[in-house]
Amino acid sequence: METVVFALLNGLIYGLLLFMLSSGLTLIFSMMGVLNFAHASFYMLGAYFAFTLGQHTGFWFALFLAPICVGAAGACVERWGLRKVHARGHVAELLFTFGLAYVIEELVKIIWGKFAVAYEIPPELNFSLFKLFGSQYPAYRIFMLVVSIAMLAGLWYLLKRTRIGLIIQASLTHPNMVAHLGHNVPRIFMLVFAAGCALAGLAGVIGGNYLVTEPSMAFSIGPIVFVVVVVGGMGSLEGAFIASLLIGFLQTFAISIDSSFAEIFSFAGLSADGDVGRITIASLAPMLPFILLVLMLMLRPRGLMGEREF
Amino acid sequence: MSALALQLKDLRKSFGPAKIIEGVSLDIARGERHAIIGPNGAGKSTLFNLISGLFPPSSGQISLGGKQINGLKPHQINRLGLSRSFQVSNIFANMSVRENVRCGVLWSLGYGHSFWRNIGNLKEVQHKTAEVLEKVGLTEKADVPAVLLTYADQRTLEIAITIAGGADVILLDEPTAGMSHSETARAIELIERATEGKTLLIVEHDMGVVFGLSDRISVLVYGEIIATGTPEEIRGNARVREAYLGDETDMAEVTA
Amino acid sequence: MSKGVVWKANLTALLLSASVISAEADGVKIGYIDPLSGPFGSTGDAGLKHFRYAANEINAAGGMGGMQVEVIGFDNKLNPKESLVQLQKAIDQGVRFVVQGNGSSAANALTDAIAKHNKRNPGEEVLFLNYAAVDPALTNKKCNYWHFRFDAHVDMKMAGLTDWLQNQKDIKTAYILAQDYSFGRAFTDAAKSMITEKRPDMKIVGAELHPIGRVKDFTPYVQKMMSAKADVVLTGNWGTDMTLLVKAANASGHQVPYLTFYGGGLGAPTAMGQSAVGLVKQITEFHENIEASDEQMARVDDFEEVNNLDYYYERVFTLMNMLDKAIDGVGSVDVPKIAATLEGMTYETPYGEVTMRADDHQLIQPLYISTFSEGVERDVENTGFGFETDIAIPAAATELPTTCKMRRPS
Amino acid sequence: MTDYSLDRVPDLAPSARYKFATRVLPLLLLALILLSIPLFEPSRTWLSLFNAIGINMVFALSYNMLLGQAGLLSFGHAVYFGLGGYAAMHGMNAIENASYDGGIWAAFPMFGLPLVGFAGGALAGALIGFPSCRRSDVPFAMISLGIAELVAAAGFMFISVFGGEEGITGDRMNGIELFGLSLGPLGDVYWFIAFWTFVGVALMYAFTRTPLGKMAQAVRDNPERVKFVGYNPNRVRYLVFIAAGGFAGLAGGMSAVNYEIFTPESLSVIPSGLVLLMAFIGGARYFAGPILGAVVLTYMQSNLSDYSEAWLLYLGLLFIGMILFAPGGLAGLLLSGTAALKHSLSVKGLLRVGAFASSALLAAAGIIVLVELAVRYSNGFGEAFEPFGLHLAPDQMMSWVVGLVLAGVGIGALKVLSKQGGMGS
């Protein structure tokens, strides 16, 4: 029983972290049709900025300053790079961001060094909040939960209840019409791109010390963010939310199930020492998001909640 | 093989609530040159898209040479001998003019997906391509990349690709759109020579082309054919004049 | 004409790069092939610092056989194929002694490749000195004349840990966690067989393999151990996988003994903290609180001061000193002769005598089981905690029979 | 319009001299190069570099059959390289076992393993290509990424097929010898690689001259129109996908014999990324572009990485520079350079090309100085960056100023020059 509770809690936290990361990308992808390969790199930049700023100004101040710096970096990238390539179509943009991911990873290696950086959980959050079935539950995880839900509410409020939100939502699906209505769409693009990167930066700030802050962190989580955005569906934050929770639960539940194929398919006489028999559900965990991606792209390219097929 | 090259029976098409084609029926005999005219937004291009298989019809039937083709994919319809051109030049930009026409020729000569033959040695392909280029007068520009052609030459190349496959039913979607007067005259003569002995269905705004080329004309207004007949009947038909041409002055220009 | 020009351009580029350079230089070149980037980069970098310190010491004392020693680092990113690419580069730079330790997968690829290289290029033989890859197969089924191992292998270390388990009657259930590759599988098999043999009353409540270097949060694994009510955890994890496992155990307050091979160094102690005191045990050939001569203690302090890194790999110095002794004996970089001299060599280390067993090239050395404790003379990674010896196992007691049938060059 | 009788139609095929010059001559030159390299007695380092270049050439060209010829952007092309390579590795072990206990494999020469690789790659292309070729552009790219991650993860699970972390190893000195090559020392392996590189390049070039090859280019230019000339674009893409998978498997087979080991990493997204860079930096629009890219990138990967730790940064910057300023790639730059020279051989033309080249060099030098200083500064070792005798220590301000000035002047000049008139397509 307790494994189910643990899996639910951990799955929720991992899912929300994934959502914070992919919400920015969903906004950018649906408005500019750009699948930003370097989005996870901005998540990494968020973690590294928080590490450096945190040393001078403490964690709490870095929690706000780091995403803003990442957003500024995103704005520069859009202004001097992406905008030039925009005219040449989505494939050129995809390639541009692909190159950008290499450059950002190498710059991080040069500035902060090749190995993991000691970006620790702040001491004032480093205690166990409550005991659950005999095992302590660290407070930092609940803090992550709180921040991600606050971010979700803020994003929802901004998009659904404010004028800027209205303009952004309109430009999500009909950028040309919005331009004709007199809004400077390129600047909105830049703002949305910067906001998307800032969101990824925020995810980096709170995810960086929970996981490990190292130059290859972007590369390991990058593809999973794509899965969330594509499975969630083009232009739909609700879709991305459902998809990230789905993947969060799928992965944490899979890790907690130990039965191997041999046990499950014992009726089919699968031997336990053969290759297929030895595979446990836990070892399948890293593959689940991609199985979902390929199936979704083939059967329902719109994704769960997407309006447009990209 | 029935005498009819193309037959439409109560063809309908709607995109959601918007009904674009409402109950079009049309019989086109083999070798006939049939023009479809009508105001903008009457559904002419949609009709072409239905016949060529780009969209499946909502209801009704299309049969080519007696064989039912509605619901088939464009390439299947093309293989049955129906080839169409596009209102906006739809050519292979980075390939040369000769290569463009050659793409139109390849399937009809049975070379399909072959990856073992050197295209240079396929004599009939080279010959047929040169023949088509000669017919449309693009021989000098054979090695020019299609993207660098003038607008009129691109329209000519559009027609060349359409007739290259040797299909016996040709659909031309406003072939002379945007052409100057002299270019239009040359285009009419080229179309006549290119579609000798073939069935031609043409959508056109230029009345000179329509009345010069077609044996019969149908007038399409808001998705319905309001009249079909020889050029003279159409010129005299009251409903056509009232629905399509509005007041007297236009009528004068038509009868000139 | 456009295509023609492009062809001619890159043909000339190919021609230009065909200029001939070859790098033969005298002196003893040692190729260190281990991860120097990526998740295990810091582990590899620590090993390189040990080898360079040893090389400086030997050079100061006149070098190996009068020749200066140079240690060149090659980054294999812990990937077997990259290891072979780097091996090729090392051989081309004149390296005749390859040292490696992180990842038995890379070691298996290297030992096979070096044997083939020596067979195909007589006169340019290369020796493989393995300081930490502990897959038993390397000195049993897959042993070969050109491979020497200076670390006790999995079964030898597991024998020590399970001996300790024999007299812990209050421990009833065990959980085994290891990385999913040759070493991890050997660790799990050895643990299962030796526990059922020495403690038939104990029950193994879980045996799990996780992908190496890819798990960022071990909390689900720790929670699985807790819900399985394991009294003891046996783990072969090393580098970042060890650090993160211990970090998760600390965060979840998992209060059971952890029997490890590599719990005592390279970042793990800093992640343990107070809750691990008295619980985390390791079996190694060295830890800082084994008493030794003052001169040795001075060396340890100097190493830590020069590299601001804990003195951890004593076996690296054993390896370098035995190689030094062999080359001094042979007098030149004649690899087959050096290999013959190394076979059966005994050497007096500051922590006891060691011998390189001739029939499988496995070093037999004393091992120590120690516990992470408070109030010790020398702490680890200035955490205030250090390791204290529970049991000292003499070299002879660690010896296990071998199935190696080595083909010796004629 | 005079009257034409249509049988006297002018033969429009290009003249025999033109055909020979642009098609047969380059292949002969390539053969000449491959034959002449051993005459220079290259050391083992250069031999292993050439072997790697040969393998990457075939791999990059097979990738360009998708990107350059059929307009399909794939992020998972290493899957077919890897599966072909694994097939060849299993073939190698089968030959080794057959030499003890007999069997049909005993008759198969080690030299022919790339064919096993080709079959493996093509089969994988057929199985995986069928569902993914129904989409194009971004969805196709995403499916290829998903499949690459799936197959790489599966690589660690099916130990008997992929060998887990250790991968599958083998010994190429078994089975019957062909052309007297024991494939033992690297010299023999060079001939093996040279032979298969030439076969691969020639066949892939021939493929572009076939009806299917031409229709692939048509699908790249205008998939819509292809439907109306009797071809199903998805079917054309699928067939090209199988061929590209086959040639990637051929390169995998060559790599299997060269390295005698294959690990699951070679299936993942990292090698797929590198081959994409090779094809794009080389010039995806031209058939020979990826060859240039393969030579440059393989050299950077194996040799440049010794001189500078930041070689991947240089690669990334070169790639982004190409996308922004020269989408035609190196081949594109080369062509417009020679074209500019040929057309306006005047002094002004030469000056322009010279000015462009020198300002580009200046900018590159500035960026290199800045990056090398940053690398030395961050890794904490004190030793300075000494290019061509200059002594630039990372802690002195002067060295950073030198870098900034060089880069600033270079980039400024490039901006000014490019405003005067486009350079590089």
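Just so you know, glycine gets a Cβ as well, placed from its N, Cα and C.
Beyond its flanks by at least six residues, the transmembrane segment (D:20-40) meets 50, 187, 190-191, 194, 197-198, 201-202, 205, 209, 288 of its own chain at Cβ-Cβ distances under 8 Å. Residues annotated as transmembrane segment in TrEMBL: D:20-40 (among others).
Marked as transmembrane segment by TrEMBL: D:47-66 (among others). The list of residues near the transmembrane segment (D:47-66) in space but at least 6 beyond its ends in sequence, with Cβ under 8 angstroms from a Cβ of it, reads 37, 72-74, 77, 80-81, 186-187, 189-190, 193-194, 196-197, 200-201, 204, 207, 216, 240-241, 243-248, 250-252, 254-255, 258, 275-276, 278-279, 282, 284, 287, 289-291, 293-295, 297-299, 301-303.
Marked as transmembrane segment by TrEMBL: D:72-92 (among others). Long-range contacts of the transmembrane segment (D:72-92) within the same chain: residues 59, 62-63, 66, 105, 108, 110, 113-114, 116-121, 123-125, 128, 136-137, 140-141, 144-148, 151-152, 155, 161-162, 168-172, 174, 237, 240-241, 244-246, 248-253, 255-257, 260-262, 264, 266-273, 275-276, each at least 6 residues beyond the stretch ends and with a Cβ under 8 Å from a Cβ of the stretch.
Beyond the transmembrane segment (D:104-128), the same-chain residues lying 6 or more positions past its ends with a Cβ under 8 Å from any Cβ of the stretch are 79-81, 83-88, 91-92, 94-95, 97-98, 147, 172-179, 181, 183, 192, 195-196, 241-254, 256-257. Per TrEMBL, transmembrane segment is recorded for D:104-128 (among others).
The transmembrane segment annotation in TrEMBL covers D:140-163 (among others).
TrEMBL lists D:189-207 (among others) with the feature transmembrane segment.
If one looks beyond the transmembrane segment (D:238-262) by at least 6 residues along the same chain, the residues whose Cβ comes under 8 Å of a Cβ in the stretch are 51-52, 54-56, 58-59, 61-63, 65-66, 69-70, 72, 77-78, 80-89, 92, 110, 113-122, 124-126, 128-130, 132-133, 163, 167-172, 183, 189, 192-193, 196-197, 200, 203-204, 207, 212, 216, 219. According to TrEMBL, the feature transmembrane segment maps to D:238-262 (among others).
What TrEMBL lists as transmembrane segment is D:274-299 (among others).
Here the transmembrane segment (D:311-341) has long-range neighbours at 277, 280-286, 288-289, 292-293, 296-297, 300-301, 304-305, 349-350, 352-353, 367-368, 371, 418, 423-425, meaning same-chain residues at least 6 beyond its ends whose C-beta is under 8 angstroms from one of its own. Summarising the annotation, TrEMBL assigns transmembrane segment to D:311-341 (among others).
Residues or ranges marked as transmembrane segment in TrEMBL: D:353-377 (among others). Within its own chain, the transmembrane segment (D:353-377) is flanked in space by residues 308-310, 313-314, 317, 337, 340-341, 383-385, 387, 392, 394-395, 399-400, 402-411, 413-414, 417, 423, which lie at least six positions past its ends and keep a Cβ under 8 Å from the stretch.
Panel annotation: around the transmembrane segment (D:397-417), residues 352, 355-356, 358-367, 369-370, 373, 384-385, 390, 423 of the same chain, lying at least six beyond its termini, place a Cβ under 8 Å from a Cβ of the stretch. TrEMBL lists D:397-417 (among others) with the feature transmembrane segment.
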